[in-house]
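This report refers to the structure that appears directly beneath it.
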Ligand SMILES: [Zn+2]
Ligand SMILES: [Zn+2]
């Protein structure tokens with residue numbers, strides 16, 4: 001049983017059900033997708049030249065369609081494939097303007113159709129044999145959305161119905177449960193409620209702004225990277241946001257990634273490109289001096305902001321954007337140094353992810369595709385090194401044979417968040433393209449020129465996406481060391497404000513981020529607000545606390561954990577910072 005055939009077949013069955021319920025409906029396309037399927041429809045009232053009064057579909061209509069689908073499935077209808085001439089197809093689909101458009105664009109003189117009961121669709125297949133193969137409890141229609149015909153906003157907007165389908169009922173139930181959980185932790189909603197970042201259409205789609213609280217977290221992440229990488233011999237670079245187009249032509253980016261690049265900007269008589277990657281700048285820095293084997297490895301790091309074109313339809317909060325900052329680095333080394341460098345990268349990458357709370361991950365090793373840059377020997381050596389390191393560190397990994405990028409083999413580490421969803425973070429990629437194109441060299445022991453090995457690597461990937469994942473992983477309740485506001489101090493009455501201030505400055509002196517909440521509201525209301533804001537510690541100070549130089553501590557998720565001396569509280573939270581709890 002092929003689940004994709006089932007999903008695709010369900011799309012047809014859904015279309016058949018919609019046709020019975022809404023005669024006169026026009027069909028767009030209906031493919032299988034990840035976890036399910038969809039179909040696009042133009043309902044009678046939305047179709048030009050057809051008089052109808054029915055309004056668009058909504059969520060409330062889905063059960064009715066689902067019921068109709070089940071009726072059709074129970075009839076055990078066969079899927080019958082036919083190859084027919086285009087002329088004949090045009091007759092069959094004479095009322096279906098979108099299908100006619102598709103027929104016109106298809107190559108050849110014939111097309112294939114699939115008939116299921118009374119419903120005929122223009123389709124290449126494949127499908128299941130008969131609707132009887134579908135278990136009624138393994139699919140569900142989930143949502144409706146507007147979708148432009150062919151994804152082009154100049155075209156009419158169609159109604160899209162999404163469904164999900166799995167091999168077993170258990171899988172479907174698990175998926176639906178996860179979806180509910182995922183909605184609760186949607187970083188777009190949490191980001192707004194907790195004032196972490198801003199997405200504003202007037203600023204521009206896919207261009208997030210880090211708000212003060214989000215910026216605190218970003219600064220902690222950046223400091224962490226800065227400190228750790230500096231201690232490992234990395235040198236930091238800052239490079240411009242645009243560069244001469246010729247640079248990108250030379251690097252090959254202009255040819256290979258054109259669909260992800262923005263149009264060049266004309267400055268004086270030259271063309272400039274908004275940078276999609278930092279690599280060519282780093283290579284130029286390397287080439288700005290003669291390098292000896294004694295200088296290697298050279299490791300250049302940069303928190304480099306890059307811009308890549310994404311279709312507006314796929315933009316999503318912080319996880320799919322048009323401008324983002326990579327924790328980028330390039331390691332340039334000799335072949336003898338490769339293994340040690342890769343090992344350090346993997347080891348450090350995993351430790352870093354663990355510090356941020358991601359203890360589970362999947363590792364993928366992608367090998368040489370058919371078309372590739374560099375030499376076969378170089379690829380083999382690099383691939384062997386990657387395998388050797390993963391073996392040495394006793395890490396399990398999957399091989400994506402031939403799935404490497406054209407310029408070199410790579411290791412990808414995908415973290416699993418608290419819902420078990422995979423997110424691409426760390427990537428370690430060899431590059432045989434840039435060293436060639438930019439003629440990178442070093443002088444070896446014998447005084448001869450040699451070509452170095454080059455490794456691109458990002459540990460967190462994009463800071464924006466990593467932050468989005470972090471928000472969802474923790475449902476906004478960041479661990480103490482990352483929380484933008486770590487402690488709130490609530491004075492019980494106006495007579496306690498001075499003591500609250502003393503407490504606050506004591507905490508600030510020890511490097512903690514705290515706020516005094518002395519607005520004219522009840523203590524319980526402020527506590528509730530603090531809980532909503534997911535503040536790790538809320539300290540309440542009144543007469544008793546003041547007299548004993550103490551604080552009453554409320555810990556997130558635990559509630560009141562009692563009164564303690566301020567010094568003892570400081571010791572406790574210092575330890576939590578050390579442990580990155
Ligand atoms: Zn089909
Ligand atoms: Zn790079």
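Backbone N, Cα and C define each Cβ position, glycine as well.
Features as listed in TrEMBL:
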BINDING   279, 330, 456  Zn(2+) binding site
DOMAIN    186-479  domain 'Aminoacyl-transfer RNA synthetases class-II family profile'
DOMAIN    217-236  domain 'Apoptosis regulator Bcl-2 family BH4'
Local backbone state of residue 279 (Zn(2+) binding site), from DSSP in three classes: helix
8 Å Cβ shell about 279, 330, 456 centroid, Zn(2+) site members excluded: 277, 278, 282, 283, 328, 329, 429, 431, 434, 454, 455, 457
Other CB atoms, at most 10 A from the CB of residue 330 (Zn(2+) binding site): 24
Tertiary neighbours of residue 279 (Zn(2+) binding site) (same chain, Cβ under 8 Å, six or more apart): 251, 328, 330, 431, 434, 456
For the domain 'Apoptosis regulator Bcl-2 family BH4' (217-236), mean pLDDT (0 to 100): 96
Non-local residues, at least 6 beyond the ends, that sit with Cβ under 8 Å of the domain 'Apoptosis regulator Bcl-2 family BH4' (217-236): 196, 210, 297-303, 327, 329, 344, 348, 352, 355, 459-460, 463, 466-467, 470, 478, 481-482, 484
C-beta crowding around residue 456 (Zn(2+) binding site), within 10 angstroms: 23
For the domain 'Apoptosis regulator Bcl-2 family BH4' (217-236), residues assigned helix / strand / coil by DSSP: 15 helix, 2 strand, 3 coil
